[in-house]
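Data block below; observations after.
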Amino acid sequence: MEGFLRFLVAKAILLALASSFVSCYDPSPLQDFCVAVDDASGVFVNGKFCKDPKYVKAEDFFTSGLNIAGNTINRVGSNVTNVNVDKIPGLNTLGVSLVRIDFAPGGQNPPHTHPRATEILVVVEGTLLVGFVTSNQDNNRLFSKVLYPGDVFVFPIGMIHFQVNVGRTNAVAFAGLGSQNPGTITIADAVFGSKPSIMPEILAKAFQLDVNVVKYLEARFSSNYDRHY
């Protein structure tokens, strides 16, 4: 029961905090709602067509399952469960989404960015080392902190950031993002697993690596195995 109450409190806090992001990046809505629908006869707004309001139901604003732990048996030892406009059509134009992140001991949400959203994260279970790196203009400074249950950390929009479980038990965090569809670019996957591949000579010079090391990394990532989202 205590764990369930912590889950409810964390979810309520995130929704309250994330609501402040609604107008920070996505365009503000000009109607009560615009429930997304795959219908070419609908009205095109913010990347999604709008369902006719008279056909909107409560289910358009609902999803379930965030109480269920994600499968962390993968190469990075973590799992991200997304609740965005693809899961809740009613999020369309509302500028907010939510994720649950599960970590095995030693697992990580590897360095990545959200090009369209600021992220605010709260730890529910376990111990996480989190951080983000600033832009070139700020000399790529690292801001990092160890978080415990109840701790909250913000990752500014577009900054490369990460989370790592530094505890001996599983860890769980929830994060609110200031976009209905924040997008995710995992740095290693994008650089070494792009389709088609970036020329190894380019990456070898950029990362100051032997070209054969780059070819090895590209072979590992381009296989598209166990991609992390």
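Positions of Cβ are set from backbone N, Cα and C atoms, glycine also.
Per Swiss-Prot, signal peptide is recorded for 1-24, and the stated evidence type is sequence analysis.
Sequence annotations record features per position, and here Swiss-Prot assigns disulfide bond to CYS34-CYS50 based on similarity to another entry.
The domain 'Cupin type-1' annotation in Swiss-Prot covers 64-215.
For the recorded site, ASN79 (N-linked glycosylation site), the DSSP three-state label reads strand. Neighbour density for ASN79 (N-linked glycosylation site): within 10 A of its CB lie 20 other CB atoms from the protein chains shown. Taken from Swiss-Prot, the feature N-linked glycosylation site applies to ASN79, supported by sequence analysis.
Marked as Mn(2+) binding site by Swiss-Prot on the basis of similarity to another entry: HIS112, HIS114, GLU119, HIS161. Sequence-distant contacts of HIS114 (Mn(2+) binding site), defined as residues of its own chain at least six apart whose C-beta falls under 8 angstroms from its C-beta, comprise PHE155, ILE157, GLY158, LEU177, SER179, PRO182, GLY183, THR184, ILE185.
For the Mn(2+) site, the Cβ centre of HIS112, HIS114, GLU119, HIS161 serves as reference, and the other residues of the chain with Cβ at most 8 Å from it are THR113, ALA117, PHE132, PHE155, MET159, ILE160, PRO182, THR184. Note on proximity: among ASN79, HIS112, GLU119, HIS161, the recorded positions of the record, the Cα nearest CYS34 (disulfide bond) is that of GLU119. According to DSSP, HIS161 (Mn(2+) binding site) is assigned to a strand segment.
Every protein chain considered, the tally of other Cβ atoms within 10 Å of the Cβ of HIS112 (Mn(2+) binding site) stands at 21.
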